[in-house]
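Chemist: As listed in TrEMBL for this protein:
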{"type": "DOMAIN", "residues": "33-127", "note": "domain 'ParB-like N-terminal'"}
{"type": "BINDING", "residues": "Gly91, Cys92, His93, Arg94", "note": "ATP binding site"}
Amino acid sequence: MSSATNGDSNTCSTSLCLQDDLSIHAAHISEVHNVPMRVLIRPIPSILEESKVLSLIETIQDEVKGNAVPPIDVLWITGRQGGNYYYSFGGCHRYEAYKRLKMENIPCKLFKSTVDDLRVYLGSSTPDLL
């Protein structure tokens, strides 16, 4: 699928046009939750650009601009015995900025997923979620 950016800061393809602050996973979700940082599982190490993290820290701390930082997408998976698991794969720079600020919570869009969905990301490393 090819994509381009139109004059309105949107990313477009032949079948879909998204605002820059929306992801393909959570574009249909409007509800944002403040999720405790301690419950997020990030199984893939981040590769960060320090300048992006510092810029986000500055933006998050700004009372006017802070709300402009988009929430991260989180896979919400219920385990076999009812446990809740919250996996985050994207939003690396935002996550790091909130972590360095020692914030207890981070704005997230939760989308209900399954272990099969998680297996797409983790393959044979997918844990047995209880």
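Glycine too: its Cβ is placed from the backbone N, Cα and C atoms.
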Chemist: Other residues near the ATP site, CB within 8 A of the CB centroid of Gly91, Cys92, His93, Arg94?
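Modeler: Everything else in range on the chain: Ser46, Leu56, Ile72, Gly90, Tyr95, Glu96, Ala97.
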Chemist: Test of understanding: give the count of other CB atoms lying within 10 angstroms of the CB of His93 (ATP binding site).
Modeler: 21
Chemist: Look at the binding-site residues Gly91, Cys92 and tell me which residue has the greatest number of other C-beta atoms within 10 angstroms of its C-beta.
Modeler: Gly91
Chemist: What is the three-state DSSP composition of the domain 'ParB-like N-terminal' (33-127), stated as helix, strand and coil residue counts?
Modeler: 38 helix, 26 strand, 31 coil
